[in-house]
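Worksheet: the structure to be examined is printed underneath.
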Amino acid sequence: PNEPLRVNVLFKHVQKMLTGDSAVIAETGDSWFNCQKLKLPEGCGYEFQMQYGSIGWSVGALLGYPQGANHKRVIAFIGDGSFQVTAQDVSTILRCEQNSIIFLINNGGYTIEVEIHDGPYNVIKNWNYTGFVDAIHNGLGKCWTSKVKSEEDLTAAIETALGEKDCLCFIEVIAHKDDTSKELLEWGSRVSAANSRPPNPQ
């Protein structure tokens, strides 16, 4: 009991959350590969972008999606590095009183960038992410945050988010920095090899 939470266990529980009234937003990074394994119920929305590899896009997308489809409860999966790029949009999400669920996967760095080309620039300052959202909330309106470190924590947080909270639910998932999907490892090595090619003479 209370063993460290693995990302594949997170997505096992996420699968059970999905209904035709849900929508999934997958941030650039390992969330791409984990969300692609989900089996979407009929009617469940799904948004991701891979063409440009733009990190941080999902927070703005999470703001926009419910504005156009307010019958869906949107569930977003965002890495800590990506979140730091566009985190301020949470303020507008709160002002618009949206009831989305954010799973913030805190593994202490830009995992996708590490797999492509490692270096000290991929180390980020760790935030207290739940504290950050609580500060933006500032006691005005409705918001609920939780920090989870084990499967037991996770199941309790999901039960609360789905059962009691018709507001923004922000669940910070503490994950090990090396807890990475094999798909990301394979993809990162291919991109790294492509980036290492000599220039094509014109």
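Every residue gets a Cβ built from N, Cα and C, even glycine.
Over the region 'Thiamine pyrophosphate binding' (30-112) the predicted model carries a mean pLDDT of 91. Taken from Swiss-Prot, the feature region 'Thiamine pyrophosphate binding' applies to 30-112.
Annotated Mg(2+) binding site per Swiss-Prot: Asp80, Asn107, Gly109, in sequence order. For Asn107 (Mg(2+) binding site), other Cβ atoms within 10 Å of its Cβ number 22.
The substrate binding site feature in Swiss-Prot is assigned to Glu113.
Residue counts for the region 'Thiamine pyrophosphate binding' (30-112) by DSSP state, with H, G and I taken as helix and E and B as strand, are 34 helix, 18 strand, 31 coil.
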